[in-house]
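Lifted from TrEMBL, the feature list:
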DOMAIN    10-223  domain 'Glucosamine/galactosamine-6-phosphate isomerase'
ACT_SITE  65  active site, proton acceptor
ACT_SITE  134  active site, for ring-opening step
ACT_SITE  136  active site, proton acceptor
ACT_SITE  141  active site, for ring-opening step
SITE      144  site 'Part of the allosteric site'
SITE      151  site 'Part of the allosteric site'
SITE      153  site 'Part of the allosteric site'
SITE      154  site 'Part of the allosteric site'
Ligand code: F6R
């Protein structure tokens, strides 16, 4: 696992560099998209690079998760969020961005169909991730099976409180259930790039990088991934025991070596 501690703007550029490097080498790629605050600066940077010629026309993209039951036109439905924050700003082909269907009549069948779509696309080349203050990735809350696949989950009180800011500050407005890629689904991606900023994420980042692998801190499964990159600002890095070592490693990294 590579840990980079840097200012937020640099982290977004690094993540965008990783995406751009993939697309320049081969335009037919499969990206994994996260919602929430953490990847927004990356989407801004990718949208800017699109203006300069970076094309997503042959890219397919899969979202991590979706709330169950939010109306099709609800602004916080993740399908709408990703459209607003990213997809509408670049040149994805129609239908190229998919997410789990939180409005399906048969939710387990929708989850199985979603897994099949990812597999049919050849799997995800690069997965962008945020992390919850309780250590979730996607919506794999504490106690999630480390071998889980896309399924229905119940959001923790902590996550609903954290996300109330997107729902006018009202926890009651935050759905209780979601569909989420499982931890094994995420681990199948070929490169994981997680972004975290702010002190509220410091304990989760410490556990992710330095804690024992445990379902209690689901993101710790990333320690078992052969190509995982953790991009954090100073505040999110503030509980890392080996922060000086990570900083030195990044400072000494050869220019030619990407993420
Ligand atoms: C969103 C997702 C979540 C968020 C996490 C952090 O698709 O999968 O795991 O990444 O809750 O959210 P932010 O970035 O808003 O702090």
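A Cβ is built for glycine as well, from the same backbone N, Cα and C atoms used for every other residue.
On the structure: features taken from TrEMBL.
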residue	record	DSSP (3 states)
65	active site, proton acceptor	strand
134	active site, for ring-opening step	coil
141	active site, for ring-opening step	coil
151	site 'Part of the allosteric site'	strand
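Taking 65, 134, 141, 144, 154 as the candidate recorded positions, the subset whose CB lies under 6 angstroms from any atom of ligand 1 consists of 65.
The active-site residues listed here (65, 134, 136, 141) include 141 as those with a Cα within 10 A of the Cα of residue 154 (site 'Part of the allosteric site'). Candidates 65, 151, 153 (recorded positions) were compared with residue 136 (active site, proton acceptor); none lies inside 10 Å Cα-Cα. Residue 65 (active site, proton acceptor) sits 17 Å from residue 134 (active site, for ring-opening step), taking the CA atoms of both as reference points. Residue 141 (active site, for ring-opening step) has 134, 153 nearby among the recorded positions 134, 151, 153, counting only those with a Cα within 10 angstroms of its own Cα. Here the CA atom of residue 134 (active site, for ring-opening step) lies 15 Å from the CA atom of residue 153 (site 'Part of the allosteric site'). For the pair residue 151 (site 'Part of the allosteric site') and residue 134 (active site, for ring-opening step), the C-alpha distance works out to 19 angstrom. Long-range Cβ proximity for residue 144 (site 'Part of the allosteric site'), meaning a same-chain Cβ under 8 A and a gap of 6 or more residues, is found for 136, 153, 182, 183, 215, 218.
Remark: residue 134 (active site, for ring-opening step) has 141, 142, 156, 158, 159, 204 as non-local neighbours, by Cβ distance under 8 Å and separation of at least 6 in sequence. In the shown protein chains, 22 other C-beta atoms lie within 10 A of the C-beta of residue 65 (active site, proton acceptor). Within 10 Å of the C-beta of residue 136 (active site, proton acceptor) we count 26 further C-beta atoms, all protein chains included.
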